[in-house]
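Under the heading active site, for sulfotransferase activity, TrEMBL lists Lys157. Look at TrEMBL and you will find Lys157, Gly158, Gly159, Thr160, Arg161, Arg238, Ser246, Lys363, Gly364, Arg365, Thr366, His367 tagged as 3'-phosphoadenylyl sulfate binding site. The disulfide bond annotation in TrEMBL covers Cys346-Cys358. According to TrEMBL, the feature domain 'Sulfotransferase' maps to 148-383.
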Amino acid sequence: MAFSRISRLDPPSRGIFRKAVVMLCSLLASLILLHLLTERCATTITSTSPSPLKSSSSSFSGRAFEDLSPVRSKRLAYEWSAGSELGGYGAARRASSRVLADERARQVLELPGESLLLPAPDLVASRRVPPRFAGKLSPLGEGSKKLPQALIIGVKKGGTRALLEFLRVHPDIRAVGAEPHFFDRNYDNGLEWYRELMPKTLEGQITMEKTPSYFVTREAPARISAMSRDTKLIVVVRDPVTRAISDYTQTLSKKPDIPSFESLTFKNRTTGLIDTSWSAIQIGIYAKHLDNWLQYFPMDQILFVSGERLISDPAGELGRVQDFLGLKRIITDKHFYFNQTKGFPCLKKAEGSSKPHCLGKTKGRTHPNIDPEVVQRLRDFYRPFNMKFYQMTGRFFGWDD
């Protein structure tokens, strides 16, 4: 009985086994078909669609993917800078897809036997960072804080603020807005403290700052040389008589009760002896201060900018500065217009802005009327110093015409 019962159960077991085999074969066939269809689709897409990545094999090597990291960095930098003209970082992110598409149609980055397309460096360099980040951050936190490679070291009331604002239009210049006064007042804080004040810069950009009092600070040349002997120095100079009157005008606006310009100019009005201890007079003895700088820096590392020409021909003076810094001449006549009210040039478009920009109301103050005799005494006093300065710099500034 037991044997016959087992015999009756055997046929259903063989049937189940056959069904299982059929199902497994069907599943395997489906998987093979799906694989073939996927492979065919991939081949079709590769042959009909442009792709930034082309490979002779079906997959990239690990090294090829590692080589893509600088590509991402360049893409992000381009994305940021392109977005700056669209209204800032948010717009830059929204423009991301368009930027990536542009990348696929531009300059070639070599991979092993293949190529990857990127935007041209000139296009990246021609863009600007939005003003709210100027002197503070770099795109997406990239870059690093560096000690400045160039300094505007003087002179007070010579036109240093105008020069700095004009230079900040250049995409390869990153500058601190406020005057750090590191090499005259804050030197004890150390170079790391100073470095932290600097904006982050990308490779190829120049870090700058301006503190006009450096030019007349005796310790400044040695301290800057100790930081780097290769530092490039820029000095904006102006007719020392006009500069002294402008200096006095600024002080008068803050302290209306100070003595008259005439009384501060002379130690003794009767003898006509000039008081060279008054800073407004002392700053204008340019040859004396330059002697101190030439003990630490060669003349070819110091550029003297004419404050008068910065007003009459800003593009010309900016061209000299860009050449001196080794930068492409991007700032030209098209960036300026003359403001008749203020009496000096303004930017048609400030850094990261589509609006015109002039210096603040503290610039271009009306000078008080000074006794012509006092003015002539000052011209006679400065004349020999000016002549020596012309000889030292090899440039005639025309202050004694």
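Counting begins at 1 with the first residue displayed.
Using N, Cα and C of the backbone, Cβ positions are placed for all residues, glycine too.
Unlike curated entries, TrEMBL annotations are predicted automatically.
Annotated features, which come from TrEMBL, shown on the structure.
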residue : record                                     : Cβ contacts under 8 Å, 6 or more apart
Lys157  : active site, for sulfotransferase activity : Pro212, Arg238, Arg243, Ser246, Asp247, Gln250
Gly159  : 3'-phosphoadenylyl sulfate binding site    : Val236, Arg238, Val305, Gly307, Leu310, Ile311
Cys346  : disulfide bond                             : Phe336, Tyr337, Phe338, Asn339, Pro356, His357, Cys358, Leu359
Thr366  : 3'-phosphoadenylyl sulfate binding site    : Thr249
Neighbouring C-beta atoms (10 Å sphere around the C-beta of Arg161 (3'-phosphoadenylyl sulfate binding site)): 19
Neighbour count (Cβ, 10 Å) for Ser246 (3'-phosphoadenylyl sulfate binding site): 21
Reported mean pLDDT - the domain 'Sulfotransferase' (148-383): 93
